[in-house]
Amino acid sequence: MPREKQKRGRRAEDKAKKDAAKRKRDEGPEESAVKRLKPSAETNTSNNEIISGADYIPLGQDDGGNDVPMNDAPANDMPFYGLLDSEEQEYFSKANEVLELNQFHDAEERRLFVDSVYREADGKELKVACSQSCSRLMEKLISLSDMRQIRRLFSKFIGHFLHLVQHRFASHCCETLFINAAPGVTEKISKSKGRKAEVDEEDEPEPELSLAEMFMKVVEELEGNWGYLLTERFASHTIRVLLFVLAGEPVDLSSTDSVVASRKKERLGIVNTEAPEEKAAAEKRKVPEVFEATLKKVMNDMVSGLDNTYLRALATHPVGNPVLQVLVFLELSHFGKASAKDPNSIIRRLIPDDDFGENAESSTFVRGLLYDPVGSRLLETIIKSMPGKLFKSLYKNIIRDRIGSLARNTTAGYVVLRTLERLGKDDLQDAMESIIPEIPGLIERSRLIVPKVLIERCLVRGVDTKPLSDALESAYDKDPAQRLEQMLKLEPAASEDDSEEKRKQTGNNQTAAAEKLHGSLLAQTMLTASGPVSGLIYSSLLAQSPDSLLRLAKDPTASRVLQQALTAPTSTSQFRRQFTTRFSGHLVELALDSSGSHVVDALWPATKDLFFVKERMAQELLNEELSLRDSFVGRAVWRNWSMDLYKRRRGEWASKAKGLDSIENGQRERPKSRIDLARAKFAAKAAEESSKAPVAAKT
């Protein structure tokens, strides 16, 4: 009997099972599902409520919930502008390398190269700006562009700014574009024939809008999203730049206390960029009248939708705090301090009370900012810009009695610095007496910026610095030589047994480098104060051994102290006569060192009244002419000491060394002629008679 074909039967059996399963699903859901399906994001919440057995599940959560758009939050769908292909990536990468090397013969060659890159990027500007690898190239191009190129690029970005300012890479391009376009907001569109011919040759139309009109377009695009962009991590720094441009305020990213750039902003500077444009960006500018009204409206729109509680919460928000600083600064400085009286102003909403009472709302807010790493920066801005009457009340009720303990704190200490800058002579005297007991602890923990600023303010206000000098002297070693080494954090001379690895580890310690820098800045500030404060540094310098002086001169940070000591107005001829001779025999060694060469340069003005010392030093340099000419820093020293003049025309060099020959600097005064002397005599006589006239009339 033939065997049954099992294969065909199994297929039929499987098909029957599938049909049965389909019928079962059509009839009703199974109580126990065999296979778990991954829930979608939209239904995950409702499923959890069903499984957990919630007592109440509101209707309409699932049915038709996706059909209603959410209008409260801005759309998060970032448009995709496309990707650069491999050839384009390679071209722009090479262009970036060329700009980094900056080996152009002249500015014209660099301009032609920038033009060629712009032609290659035509139509791909948005792709380049959003590219992780090429956005830096776009920033460099903008920095090297003229106003015509900036206007063309600006016009390409119009219509996309709402998305670009929120992009991780394109936001930095927008920031650079705003900074470089700011000086041209008052320029009118030129329609010269040469420009028309250039446009026809490049076959690219010139934008019809001026830069001022383009900035207004940017404001229109961002309208209605200010409240969201205020705390958007990529848009925040671009919004700050836009506010400064509208206000005509300088946009200086190199400033240490600038709140314009983002915290992680890279310095993509190019060597030999046009100095006038950089200077224009760092100066206050004239802006069109429409900018002021627009700025006021934008600032109002940013905070009008926020209640006072949320506005104060921005003070400690890492992203919103810098924008709030800019808003407070512009409100108090640009629109006048009288705006602080407006109850709807930002400063009045933050600090509603003038008296700063014990339980006042303003006191609670300010005390909360004092020790907050983020909020203290806003408090610094408020103290710098707030009206005098409000500042006096704040200082009297919150800071004055606690200024010593506040100076000890690493965060509140910066608020103390801003406070010291606004105190009058009497209040500064009292503040100094409160801070002096804390000086030893501050120096022990390398918090040297507080005594540094205190010395500067005492010099400005004319406060006696003798108590401060005594506190500094007691805080350091009694030995003058050790005192300077402690202040500058100088390490003992490295022996031959020290390993190279240990030296590298010491050199890479950022904390030690920062402490050395602050010690050097404190010593330089002390040298500007006449009397016992500068005497502490001068006595320490005279107590140094020759080897120690060489170490000081070759140290990049410590050598600044030597330069300041040689050229400061407090430096006496007696000190310079003793100190300058210590460098004899080591001038060539120092002149060939990158840091020591600056000390040799400082010896030229330091020996202005010590001609015999200067002549001896010049002869020492002349003996090693070949060594100096073979070195870059050596050639600079040779030039600054006018050694060619010393070598060929010794008499002219002597006149210049004594300060008699100042034609080069334009300092020589033309001898007065007889008519000039007669005019001066007549003017003095007329002034004397005019001063006597009121007295005679009164008698």
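The backbone N, Cα and C atoms fix where each Cβ goes, and this holds for glycine too.
The compositional bias 'Basic residues' annotation in Swiss-Prot covers 1-10. Taken from Swiss-Prot, the feature compositional bias 'Basic and acidic residues' covers 11-27. Annotation source Swiss-Prot lists compositional bias 'Polar residues' at 41-50. Per Swiss-Prot, region 'Disordered' is recorded for 1-66, 491-510. The annotation repeat 'Pumilio 1' is assigned in Swiss-Prot to 120-155. Taken from Swiss-Prot, the feature repeat 'Pumilio 2' applies to 156-191. What Swiss-Prot lists as repeat 'Pumilio 3' is 361-396. Look at Swiss-Prot and you will find 397-433 tagged as repeat 'Pumilio 4'. If you look up Swiss-Prot, you'll see 540-580 marked as repeat 'Pumilio 5'. Here Swiss-Prot flags 582-619 as repeat 'Pumilio 6'.
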Under the DSSP assignment, what numbers of helix, strand and coil residues are found in the repeat 'Pumilio 3' (361-396)?
30 helix, 0 strand, 6 coil
Averaging the per-residue pLDDT over the repeat 'Pumilio 5' (540-580), what integer do you get?
94
Please list, for the repeat 'Pumilio 2' (156-191), how many residues fall into helix, strand and coil according to DSSP.
21 helix, 0 strand, 15 coil
Let me spell it out: take the repeat 'Pumilio 1' (120-155), skip the flanking residues so only those 6+ beyond its ends count, and list any with a Cβ under 8 Å from a Cβ in it.
81-84, 88-89, 91-93, 95-96, 99, 110-111, 114, 164, 167, 169-170, 172-174, 176-177, 180-181, 183-184, 187, 195, 204, 206-207, 209-211, 214, 266, 268-270, 273
